[in-house]
Structure formats: structure tokens, C-alpha cells
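These come from Swiss-Prot:
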- 1-26: region 'Disordered' (REGION)
- 44-64: transmembrane segment (TRANSMEM)
- 222-242: transmembrane segment (TRANSMEM)
- 257-277: transmembrane segment (TRANSMEM)
- 316-336: transmembrane segment (TRANSMEM)
- 349-369: transmembrane segment (TRANSMEM)
- 400-420: transmembrane segment (TRANSMEM)
- 555-575: transmembrane segment (TRANSMEM)
- 874-894: transmembrane segment (TRANSMEM)
- 898-918: transmembrane segment (TRANSMEM)
- 930-950: transmembrane segment (TRANSMEM)
- 973-993: transmembrane segment (TRANSMEM)
- 996-1016: transmembrane segment (TRANSMEM)
- 1056-1078: region 'Disordered' (REGION)
- 1066-1078: compositional bias 'Acidic residues' (COMPBIAS)
Amino acid sequence: MCDVLMQPVRTPRPSTNLRSKPLRPTGDGGVFPRLGRLIVRRPWVVIAFWVALAGLLAPTVPSLDAISQRHPVAILPSDAPVLVSTRQMTAAFREAGLQSVAVVVLSDAKGLGAADERSYKELVDALRRDTRDVVMLQDFVTTPPLRELMTSKDNQAWILPVGLPGDLGSTQSKQAYARVADIVEHQVAGSTLTANLTGPAATVADLNLTGQRDRSRIEFAITILLLVILLIIYRNPITMVLPLITIGMSVVVAQRLVAIAGLAGLGIANQSIIFMSGMMVGAGTDYAVFLISRYHDYLRQGADSDQAVKKALTSIGKVIAASAATVAITFLGMVFTQLGILKTVGPMLGISVAVVFFAAVTLLPALMVLTGRRGWIAPRRDLTRRFWRSSGVHIVRRPKTHLLASALVLVILAGCAGLARYNYDDRKTLPASVESSIGYAALDKHFPSNLIIPEYLFIQSSTDLRTPKALADLEQMVQRVSQVPGVAMVRGITRPAGRSLEQARTSWQAGEVGSKLDEGSKQIAAHTGDIDKLAGGANLMASKLGDVRAQVNRAISTVGGLIDALAYLQDLLGGNRVLGELEGAEKLIGSMRALGDTIDADASFVANNTEWASPVLGALDSSPMCTADPACASARTELQRLVTARDDGTLAKISELARQLQATRAVQTLAATVSGLRGALATVIRAMGSLGMSSPGGVRSKINLVNKGVNDLADGSRQLAEGVQLLVDQVKKMGFGLGEASAFLLAMKDTATTPAMAGFYIPPELLSYATGESVKAETMPSEYRDLLGGLNVDQLKKVAAAFISPDGHSIRYLIQTDLNPFSTAAMDQIDAITAAARGAQPNTALADAKVSVVGLPVVLKDTRDYSDHDLRLIIAMTVCIVLLILIVLLRAIVAPLYLIGSVIVSYLAALGIGVIVFQFLLGQEMHWSIPGLTFVILVAVGADYNMLLISRLREEAVLGVRSGVIRTVASTGGVITAAGLIMAASMYGLVFASLGSVVQGAFVLGTGLLLDTFLVRTVTVPAIAVLVGQANWWLPSSWRPATWWPLGRRRGRAQRTKRKPLLPKEEEEQSPPDDDDLIGLWLHDGLRL
């Protein structure tokens, strides 16, 4: 089909012998002529070199699969803001297992029961025993409060988050995940529970496993497609096999070289390996088609096989080198990007293209030498040249029509690219049948979408934030955050349940005080009668104490008489002397009877009137004023003795003495009388001593003090009654005031509910205990255990441990939103949350704090930001590299400009087709990595066809651009078509992958290559070249070498002067190839490839 597609066209030469001028070096100089001679002389050496190289690398260098497991690709750079904040939060809270998390979903469609819970506990125990692979486990066995959160509303599923060691995607994390998966499968087997593993760690594991499974299937599909296309093109099995042998050998070598780069630190992703295989097959086959087609051209012109190989390598080698350099340099330039997938795939593809290029210009020519000498790869008749010649004629005749039609199609398709919506959710790239996808489906069925995707507001400060003021400022900050659209709840130290801590609001606290005041007011009102009784009792006591004073005064007078009589009796009868004299003093008998009568009367009165002494003594005992007054205290002591004398019978004994005196008779013997009196008198004297009456004067003074104390008590009781009455009046007034105050405070509690009105305050004592900053919470006073009627310190302590770092310098809040955490809306929300939080910082305790958001939406947002940055970098870098190479190759300015423009439009059109197919028809958003990766490949590969087309056009334009376009389209149409089909087939082979991102990328690349092959290179670019004319080759005079002159313009004028036909058909068919081929690089100093 393409055997003679590269056959040069002989056209009539101008009469001027331009070829005699030293414009160009002959075909004998340069790298490729010498390389061709070497290969023709030593083909077996070249083949042996490649076989030895592959044989050396294959057993000594680990496979690319093994290296991809050791050196996985981190999507974001290590200094990405979200990763920095995550590491800081992990360090501040001394946590592990946050970077790599797997989630076990345990479900029972019949409802969770006791048997399920036993299985759950056994699984938890097994996981806790695996301390190597499990660094964090959130279960409700050890933390009962988590039960409600970890149980679905329909009571059919539990979730069990498991933290794994290492970063997400690391070798350590992958190995730990595999062992944890085995534990889960073993423990749940045979139970009523169904276990599914999901979460970020499971997603990464499934991405790697799916990529590995897809690779062999993709390679097989690509091989079959290439065999079919090559068989159609060459219709020769040997010719068809040669490119495959070359590509197979180059793949082995390239994979081991990339593995060496991986050992040196280059990250390897499974998706990159897949694209690497497709790119190597496509590029290698393209280079083989270019070389074999030119080889067939020279064979048709009569050259033998060895000469044809040398000439083909000399002429087309330069184009292949320029094409490979464009692609490789562009790919290597991707090392300057930030995203891991782009940063690593660039060097991988660059190395691969370089290996394929060297195999195409060394191994393939050597194989062609050996097979060509035996005539195994002879060309077949061209079947498409007439079609492409006719196409060229139509374009030359109506260039504007063809340009407008093709441009309209491209612009419409490119416009669809602007409607693309990009997906950053890697879950959607996986097939629904993998383990993590099944787990996510179970989660979506039983739980909210954002349950296992935590998002934190992280605040770091140089000062301790465990103060009432800082917490109040934090509450104001998160209150603003909670008002951001889409934020459903913000939980943290100041709002454990997602709402501002009610007990810490000053309005609530004022309301509590008001409640207490209202309670006091009601109690006062309810006990008004009791208070009145108190006042009446005080008045009654004062009245009774007045009566007691009167009785005491009367009793004191009688006691005074008794004391005088006893004193007289003591003086009269005291001692043995007096008693001795009684026997001779009968005259005293009458006096003794009279004295007995007096004593009996007084003693009886005292005994009958001392009931007042006990209450008086009790009042004096409880009086601090009497205790402080020495005189009152002494009188209280004497009164105590009087009460004691009454109680212990002393007064009774005095009465007995009186009765004996009264009983004295004259008929009695004096001795008997005296003997009885002596005994009685001795008893009385002892009793008087116990009463302190040994000194009558002292007793009388003490009795006077008692009298005075009773008078003071009576006076004081009257004053007490007046004071109690005053107190009662004041309490009643205070009760009315408490009612008014409580009404005001309760109204404030009910109405001041907004943060600005309510305020926020946690007492320092409670905060100190709760955060463990001072005394342990268990030792705090009971009045703080349940401060202000509800703020329990034990609950607050658990909350503080989760949201306040041990040093108090970092605080985080858990943010729950109504949005899908993988959606672009969730990513856009991050800026709003951050702005709201930072807007609350000025003039607060948080003014110098660092505020950031941590979580998956932030990771995806940073991924999008880096992707946008990298896409701009890739576009600028790729355009500059390709443009510079085209300028150097063509030694012109205008043609490279519209060529690069056509490549960009072609890329946008291909992306637009992808949007139409996947987004509009299939309802899938485009994966975020598609624009950057496809741009590099489409522009770089499109540059290959540009170089082949425009270089041949410049060669053929010596007799005019219009005729040059016809001959160029006729001669290169088949080659470009074949190359485009082969490269597109290589890309379409990736459609057999299971990963959605690979399928989308493959479709866009394959479609873009076909679009570039059949529309841009065969219609749009030739039409532009015809319209631009000789200006295609314009170059500023300052850039022109000394020997440069516009060949096309001078020869074109000569041709137009002669008015020759555009296509001298006979000469065209017989024209030999031009040894001094204009295609390739040529510098004025004589150096060339």
C-alpha cells in the first residue's frame, strides 16, 4: 500500500546549473551516512550488541513492576501545602495512621445482631494483635461512644477505620494493607457478616492491581492491531515482523533503563508503564514505517538492498532524529512539573523514545540488510498514490474552501473542549467490580458520603490557646466557618456536638444565674409566713425574757436572804468551839427555830424558782459575746453551779437543815440536838463550798453579775426582735428584686442566642482541669464536676484530647459538609472556608495564628492547582521546544508558526471529541490528568508528521509551492496515514484497560492522531501552505547563514516563467530519488546529522 509512497518526483530542472554551486555537502558526510556504511558492513555486530545489551539488563536489573512497587509515585510534591499541614497536625497531636487509612465495611442485610457483634469483637482483637501493620484502630469496643457514629442508621452496617504505617501508596503501606486484608478475610469467613475493604489505601491497592492485570491484555491488543495494520500496509509477513522485533527488543532495554532510573529515585506508576508501552510501540512503528518506506523508494529506483539501506538511513534518519529529539526533549522537560504522575511519566517516556530511536536507526537497518539481501522485504505495488495525488490537486485548486471547511470542523470540536468538567475522584477510574468500589458502594448505601473523609480546620499558634479568651475567639472563627454555604456542621472543643457549647454561652450562664435567683425569689415568697413567724417568735422571746428577768430579780433577792442566813449560821455555829458551847446555851434554841423557819422558807422559794436558770444558762453558753466578756463568763459559771446545786440535791440538803432547826425541842437533850445539828451543818457547809459560798461577799457579787447578765439578755432580746423584724422586711424586698432580676436574665437567655449576643466563656478552672494542665480532673472539687448545671468536665476532657494538642498550641475542628468530598464543589469550598476563618483573626488572640484546612478535598484542590500550573508549563514548554526545532529544521519562521498553531487546534479538537463522547454521551467527567498528558503526546507526535510533510514540501517547492503541495501530498499521504493509523492503533489498544483514566486518555490520543492524520496534515496544513505561498520560507535576514538563499522562490520563478504543467506525469513516475535530499538539518558551517 505504501511501498512507493515515498518515491521522489523528478521534475524538470531549470537551465541554470544550480547543483554545481557549493550549497550543500554531499551525501557522504554526516553521522547517518557513516552509520549506514557501518551497519551495512557489520549487521551481525549491531544485532549482537542489542541482544547482548538486552541479555545483560534483563537478569541483572529488577523488572519495572518490582521497581514500581518499591518506588511508587506520590501525586503531590512533598512541600504541597496540604501535605505540610497534615504532617504538622499529625506531629502536634502525636497521631499515626492518618496518611494511609483503610476502612472495613461490615454489613448484614438482615440487621446487626449479637452474633455479628461477637464477630466484630473478634476482628478487632485480631487487628489489635497485629501491631506491625495496624497503627490506629477506631472501634467501639474500646471506645463505646463511637458506636453510634460507626453504626448505620438502618442498623445493617458498621465501619472500622484502620490506620496503616507509612505514607499512602508507599511500599510499607501497600504491604501492610495486604496483610490486613488477609486478617479481615480470615476473621469474617463463616460469619453472618459481609466484609469489604475500601478507603484511600484500598483504592491505591486496586489501582496498582488493576494496572498490572491490564498490562498484558493491552500489550496483546496492541500487538494484534499492529499486525493487522502492518500486514495491510506491506502485505509481506517478513516486512511486517521487522518493526515488531525492533520494538520488542527496545521495550526490553527501555524498561530496564527506566528501572535503573527508578532505583536512582524516579517514581514509577502503573499508569505510566501502560502509556510507556503504548508510546514505544507507536513511535517505534512510525520510525520503522518512515525508514522502510524510503528504503522501498530507493529499491524501486534501481538501487540494490545495501545501497537502499544506506541512502534511506541517510535521508530519513535526519527526520527520525529530529522527531525523536522533539518528543524526547518535550517529555524530559516534564521533569519541571510538580505533579508526580507528570513529573515521572516525562522522563520515562523520554528514555523510551530515545531507546526506540536508537533501535530504529541501528537494529532495524541491520535486520533490513540481512533480510533485504535475500529479497524478503521487497516492496509491493502502491495502491493509494492516485488517491492522494487527486486529493492534493483538489486542495491546490480550492485552498480556501478546504481551509474553511477543515477549520470549521476543528473550531467546533475545539469549542467543546471548553465545556469539559474534570474529575479528581480516583474511585471513578476503577471498575465497579473491584473490592474498593464494592466497599464504596456499601458505604454510600448505609452512610453519608463524607463520613470516612475527615476535613479539619487546623489552627497553629505560638501561644497557648487553652485560655478563655482564645477559646472565645476560636468560637467566633468557627461560627463564621459554619455559615459558609455547604458546611453542615463544625465540631470541636467549643462545639462538641456541632453547635456552640450551650453551657459556655454567657447568655446561658446568665440564664442559669437568673434561674437560681428566680428559685430564691420563689422560695422567699413561699416562706413569707415562716419569716413572719420568725419575727413573731423573736418578739415573743423578747417578751418571755422580760418575764424571766422579773422572776430572776425576785429570786436573786430571796437567794440573797438565804446567803445572809447561812452566813450567819456559819458564823454562829462554825467550828467545834461553837458547838461545844451549845450545850450551855439553851437560850439559843428559840433562835435556832426561828432561823430554821427562815431558811426553810427561802430554800423552798429558791428550789421552786430556778427553772429560769437552765434556758438562761443555755443562752449564755451559745452567746459569743458572753464568751468574750470575762465578767459574763464568770457569772455564767456561777449560774451553772446554782443549776448544779438544784440538780444534785444541795438545795434539798439546806431545806433538811431548816427542818431540823425547826424541829429542835426544849425537851430534847442538848447533846442529841447538837449532834444532829452538827451533822446537818457540816453537810450544809460542804454544799455551800460547792456553790462557791465559802466567801459570802464573793457569792453575792457573782449573784449580782448574774442579775446584770439577765438584764442584758433581756435588753438584747428586745433589740434582736427589732433586728429580725427589719431583716424580714428586707428579705421581702429582696425577694421582689430577685424576681425582677431573674425575669431579666431569663429573657436574655431566651433572646440572646446568636454568638454576637450570647458570647462565649469557659471558666479557667474548668478549662485547666479538662485539659490536664494542672491538677488531675479526678481531684477537682465536686462543685466543678458539673459546672453551671451541665458542662461535665469528664466529657469536656475527652473532647479536649481530640481537638487540642498536648502543648495547647494547636487546635483543630472537624468540618462536615453537604458536598461530595471528591467533587469540584468541595474543592471550591476550601477557599471560602479559609477566607472565613482568616477573616476572624484580626484583633483577637488568633491574630498571629496559622490557619489551614486538612483533608481529601484539600488534597484534590492542591492537585487541581498543581495540574493547572503544570498544564500551563507543559503548553509553554512544548510549544517552544517544537517551534524551535521546526525553525531550525526548516530554516524559516512562518511555516513553523502555523504548524504549531495547527497542532494546538488539533489537540483541542481531540479533547472536544473526548468531552462529547465521555461527558455528553456517557455521563463521565474527564479525568484531571488527560489535558496535560495528551497535549504533550499529541503535539510531540504531531510534530513528527509536520516535519515529514513540511520538509518534503520544501524539497518539492523548488518549482513552486502549488506543484510542491500536490507532489508532497501524493508522496507523503500514504506514509503519514500509515504512521498515524499505527500510532492511533497503539493508543486505541489502551482502551482495553480497566482504568477509566487510561481509557479516556487513550481515546483522546487515538482520536487526536486520526484527526491529525486525516484532516490536519492532509487538508488544513497543505491548504495554508498554498495560501501563504513563498512566505512559508521567510527568515529574518539577521538569521540567514552566509550561503543561504530562498531556493523555493528562485526556482519557483524559473518554473513559472516556463509555464510548465503542474504534473509531468511521465517524468514523475520515472524520477529517481534526489541524492542531495533537502529533507533534514543543515547548518551553514557544514555540520549536519
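Note that Cβ sites are derived from N, Cα and C of the backbone, with glycine treated the same way.
In this chain, the transmembrane segment (996-1016) touches the transmembrane segment (257-277); three or more CB pairs sit within less than 8 A of each other, excluding pairs fewer than 6 residues apart.
Counted over residue pairs 6 or more apart, the CB atoms of the transmembrane segment (316-336) and the transmembrane segment (874-894) come under 8 Å in at least three pairs, which marks the two as touching.
Taking every recorded stretch in 222-242, 349-369, 400-420, 898-918, 930-950 and counting its Cβ pairs under 8 Å to the transmembrane segment (973-993), the highest total belongs to 222-242. Below 8 A, the CB atoms of the transmembrane segment (400-420) and the transmembrane segment (996-1016) form 3+ pairs separated by six or more positions in the chain.
Long-range contacts of the transmembrane segment (996-1016) within the same chain: residues 214, 271, 274-275, 278, 406, 409-410, 413, 426, 428-430, 902-903, 905-907, 909-911, 913-914, 917-918, 924, 926-927, 929-930, 933-934, 937-938, 941-942, 945, 976-977, 979-981, 983-985, 987-990, each at least 6 residues beyond the stretch ends and with a Cβ under 8 Å from a Cβ of the stretch.
If you count C-beta pairs under 8 angstroms between the transmembrane segment (44-64) and each of 349-369, 898-918, 930-950, the highest count goes to 349-369. Counting only same-chain residues 6+ beyond the ends of the transmembrane segment (349-369), those with a CB under 8 A from a CB of the stretch are 32, 35-36, 39-40, 43-44, 46-47, 49-50, 242-243, 245-247, 249-250, 253-254, 257-258, 261, 272, 275-276, 279-280, 283-284, 287-288, 291-292, 295, 305-306, 309, 312-313, 317, 320-321, 324, 327-329, 331-332, 334, 377.
Remote same-chain partners of the transmembrane segment (898-918), defined as residues 6 or more beyond its termini with a Cβ less than 8 Å from a stretch Cβ, comprise 407, 409-417, 419-420, 879, 882-883, 886, 924-926, 930-931, 934-935, 938-939, 942-943, 946, 950, 1000, 1003-1005, 1007-1008, 1011-1012, 1015-1016, 1020-1021, 1024, 1028. Here the transmembrane segment (930-950) has long-range neighbours at 275, 279, 282-283, 286, 290, 319, 322-323, 326-327, 330-331, 334, 337, 339, 342, 345-346, 420, 422, 867, 870-871, 874-875, 878-879, 882, 885-886, 889-890, 895, 899-900, 902-904, 906-907, 910-911, 914, 968, 972, 975-976, 979-980, 983, 997, 1000-1001, 1004-1005, 1008-1009, 1012-1013, 1016-1017, 1021-1022, 1025, meaning same-chain residues at least 6 beyond its ends whose C-beta is under 8 angstroms from one of its own.
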